[in-house]
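> Can you read through this structure? Questions will come right after.
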Amino acid sequence: MNAQASVCLQLAVVATAVKLLLVPTYRSTDFEVHRNWLAITHSLPISKWYVEATSEWTLDYPPLFAWFEWLLSQLARWVDPAMLQVANLQYASGGTVLFQRLSVIVTDLVLLAAAYALARGELTASRAEDTPPVGQQTAGGGPAKAPPPPPQQQQLGSAPSPARAPTPLPTASIASNGGVESSGADGAAGGAAGSSSGPAEGDGRRGVVLFLLVVCNAGLLLVDHVHFQYNGVMMGVLLWSLHAARCGRHLASGLLFAALLNLKHLFLYAGPAFFVYLLRHYCCEGSALGPAISATSAANGVGGSDPRVGRRFGPRPGPGPGLGLGRVVFRLAVLGSGVVAIFAVSFGPFIAMGQMPQVLRRLFPFGRGLLHAYWAANAWAPYAAADKLLALGLPALGPRLLGPGVLAWLGPRIERIERGRANLAGGLVGVSSFSVLPQVTPAATAAAVLLALLPCLATMWVGDGRPGYVRRNIARAVSYSFLCGFVFGYHVHEKAVLVALLPLALDAVHSPTAARRFLLLSTAGHYGLLPLLFRREEYGTKMLLVLSYFVVSVVALGALHSGGGSGGGDSDAGKRRRRRRQVKSKRFAVLGPAAVLYLAGFLLIELYVSVVHDAVPVLRRRLPFAPLMLTSVYCSLGVLAVWGDMAAEWAREAVAGW
């Protein structure tokens, strides 16, 4: 067992031990949700799964997850058959609790294995070369056994080009506040790889840090092992899909993602990014319209070894009779057949029974409203907060501050506010409809998500067609896609931030800019999860988990990107000590002053939420919703800052590419 495997094993043991310690902690209503789903899938025929409504917690995940629950129920009947009775609402015997808790821990092995595969991949990342996409892959998406052409040969088989070192190339030549760094390039922006410890050791350290960030994630511990859900197994499938993409197994990556969509439809937000990636790098084999066009383009001076095009954005279509469409269509048919087969296995029985409308109503409950009862920290939290503050202030201040024309327009709204004034004092901050600001429809949120995705999709299409481009950018693209869904989506849960956070960890170990984004998003996202665990008994546990993860992440990423090594061959003990002091002083510099200032604000938020609000009776009486609203809005500032930074980077790269 090598050193990296040993450290990863120790981290996995520590994470599992923490999960076991959390078994007797608080359980949310999601525990009863999944117990009810166990009962439904075990006790009822498949025709009743999406119709049964004895409990208010009806089955609303895709069918593949329902079969996952059915599989668990086959084991649950040996523990306590009473948990599998639909009528046993709120049933929570000791055996039931232990079984469901252990089922989450055991299925987390999918996540552990995926994280370790990605960690091992970092060891070989720096040795990989950007080989030409044409002819280097089989129809199954894996690399062909034929050896790559020698370095001095032109990539696409045309005229020879000057030899160059097989160094991974940046995805864009734009450098704005570390913009190139965040693309995950394995060059100098990699931090650790450029340290005095050497490339192999640096890659090993990156792998260990990546494994730590994924496996010990405080948000997953709180949501899955306290609150209770099965996010770990689904995030494991996502990471396996990303691992396959980074290794050049594009078909396997696409099929894994298709299976993931049938486990939880939340992952649909990354569908456009996966579609563009698979169309470009699997169906078209890295070129704009197929391999024949690539060869023609190279012969005409477009793409290929042209440093102004091929190095950054890959081959472009040029004139020529051979379009290579036959191979493109064949690969598209292979991919489409696999995806259709997965969806047919999942949804086929319900289509045959004529239940698809009912299934879709369960999966997409647009009648629930834009916001969850506790606002997620996204773009709609400040919007809802502004509406709430306007609703409080307009009846009293409107007549004195606004003109008669504005008052005439606001008249019906003020009357509606007065009629619903009792709701303004509710302890939850749920908003079924806005009182003053315009309503936000599902179509508007879908349009916002798609518009936000456009720069990323355009960049992924025109990006470098060689395998190294996918390795450097697929995780960033997927993370950004999920973040767009979280920021602008309809009826988004606060827990959905974890779906954007974990893929970002793959980029964070390569770039200081991405590391800063990861730390900012993880802190804002994790703090936004704390109100889910509202009992005093769990206060110390949740704060310890979140703070510990933050400190360890800052130290690990700071050391990785500070170039911290052992001093190499320097024999001067004094220089080595000074070197260590410099590294320690730089570890927190990865955050940057603005991020440090924002993160310090969480201390004030926590002081108000946990101490001041409860200590002042008038605040409890007049503003019972203030702690939750303040938490959501402040966390949303950090989330929006990360989204804006990533969106601006994708936009710069898209403009440069086109």
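For all residues, glycine too, the Cβ spot is worked out from N, Cα and C.
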> What range among 374-393, 474-493 does TrEMBL record as transmembrane segment?
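Checking TrEMBL against the ranges 374-393, 474-493, the transmembrane segment one is 474-493.
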> Tell me which of 43-67, 543-567 corresponds to the transmembrane segment entry in TrEMBL.
543-567
> Could you tell me whether the transmembrane segment (98-119) and the transmembrane segment (255-279) have 3+ CB pairs under 8 A, leaving out pairs under 6 positions apart?
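Not in contact, no.
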> Using a Cβ-Cβ cut-off of under 8 Å, list the residues of the same chain that are 6+ residues beyond the ends of the transmembrane segment (623-643) and lie near it.
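Non-local partners: 374-379, 381-382, 385, 388, 424-429, 452, 480, 483-484, 486-487, 494, 497, 517, 520-521, 523-525, 527-528, 530-531, 598, 601-602, 605, 608-609, 613.
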> Is it the case that the transmembrane segment (474-493) and the transmembrane segment (543-567) have 3 or more CB pairs under 8 Å, with pairs at least 6 apart in sequence?
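No, the transmembrane segment (474-493) and the transmembrane segment (543-567) are not in contact.
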> How about long-range neighbours of the signal peptide (1-17): same chain, 6 or more residues beyond its ends, C-beta under 8 Å?
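Residues 105, 108, 112, 115-116, 119-120, 123, 204, 207-208, 211-212, 215-216, 221.
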> Checking distant contacts: for the transmembrane segment (207-223), what same-chain residues at least six beyond its ends satisfy Cβ-Cβ under 8 A?
4, 7-8, 11-12, 14-15, 18-19, 22, 111-112, 115-116, 118-123, 229, 231-232, 235, 239, 495, 497-498, 501-502, 505-506, 508-509, 518, 522, 525-526, 529-530, 532-533, 542, 545-546, 548-550, 552-553, 556-557, 560
